[in-house]
């Protein structure tokens with residue numbers, strides 16, 4: 001392998017807008033990185049995920065455009 005061709009692999013402090021912070025390794029040239037959503041505040045991980053009821057919307061679509069179906 002060639003020497004001195006790879007970027008430095010350093011610690012990177014990641015901070016979320018919710019206040020959660022953690023450290024990881026990265027080749028980024030920055031010391032810190034800011035994100036908007038993390039596993040502490042994302043609805044999928046917190047259990048506050050909304051389920052969208054699309055059944056009514058699909059029926060409405062079929063009613064409106066069903067006459068144009070190929071089958």
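Each residue, glycine too, has its Cβ placed from N, Cα and C.
Feature annotations, reproduced from Swiss-Prot:
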- 16, 18, 38, 41: Zn(2+) binding site (BINDING)
### Task
Provide the number of Cβ atoms within 10 Å of the Cβ of residue 16 (Zn(2+) binding site), excluding the reference atom itself.
17
### Query
Excluding 16, 18, 38, 41 themselves, which residues in that chain have a Cβ inside 8 Å of the centre of the Cβ atoms defining the Zn(2+) site?
17, 19, 20, 35, 36, 37, 39, 40, 42
### Summary
Long-range Cβ list for residue 18 (Zn(2+) binding site), cut-off under 8 Å, min separation 6+ in sequence, same chain only, gives 38, 40, 41
